[in-house]
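A short write-up of the structure that comes next.
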Amino acid sequence: MGSEAQLPKWASEPCIMGIDEAGRGPVLGPMVYGCLYCAQSYQKTLSSLNFADSKTLKEEKREELFENLKTDESIGWAVDIIDPRELSAKMLKKNKINLNEISHESAMGLVAKVLNMGIFLTEVTRDRALREWILDETAENMHKNFGSGYPGDPETKAWLEHHKHMVFGFPSLVRFSWGTCTPYIKELAEVLWESDKMDEDSSCGKKQMKLIRFGVTTSKRKSEEIESSGKGHCKFFQARKLERLTHF
């Protein structure tokens with residue numbers, strides 16, 4: 001579905017394209033990927049047409065903008081509607097296809113569709129932002145050959161593998177909360193953050209107070225022996241088999 005019925009006059013000019021999705025999170029209905037493309041020379045005009053995140057617009061305004069979009073000959077668009085049955089079938093089949101891979105296929109399909117129409121596509125807006133990203137980190141061995149950024153991209157996988165750090169994790173460009181990063185994070189050194197330590201200490205303190213309320217106490221000597229052996233109240237010390245050292 002889209003506006004590909006007739007090749008626009010500006011198709012042979014350098015063109016840009018942006019891709020977005022709707023319906024990734026809901027339990028009901030399809031997931032829809034859409035793209036909008038236009039000549040680079042039209043980009044400034046495009047930014048003045050009051051398009052915005054659909055969540056910030058009322059339904060009447062969205063419908064009005066859609067009608068404007070369909071009649072604007074300087075803009076082309078296309079959508080890929082992924083049926084809920086297709087989503088379920090792919091995600092539940094024996095060789096599962098996860099949502100990230102489905103999204104990647106849809107986005108790449110839209111790019112291919114527009115290119116096959118004869119549009120002289122030189123950029124996808126997000127790709128340009130990724131390509132021009134200024135890394136905060138300055139390690140000598142860092143490079144920007146990270147591919148599309150999608151988890152199924154071999155170049156992206158190779159970049160993640162090359163740029164993981166055993167202590168510091170990933171560069172700030174990476175969405176390290178994504179499930180894609182989990183296998184890499186498991187290989188990294190375990191780090192205790194100060195906030196975690198405070199939470200654990202607080203938890204241990206509460207347990208000690210409960211013991212005192214029930215009349216359970218330990219002698220100072222006994223507690224020192226337990227602490228020096230690494231078998232104190234906090235699980236943090238037990239799990240890491242830490243011991244107190246008095247001589248270095």
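Just so it is clear, glycine is given a Cβ too, placed from its N, Cα and C backbone atoms.
Here TrEMBL flags 14-127 as domain 'RNase H type-2'. Positions annotated as divalent metal cation binding site by TrEMBL: D20, E21, D127.
Taken as a whole, the domain 'RNase H type-2' (14-127) shows an average pLDDT of 88 in this prediction.
For the domain 'RNase H type-2' (14-127), the number of residues in each DSSP class (helix H, G, I; strand E, B; coil) is 54 helix, 28 strand, 32 coil.
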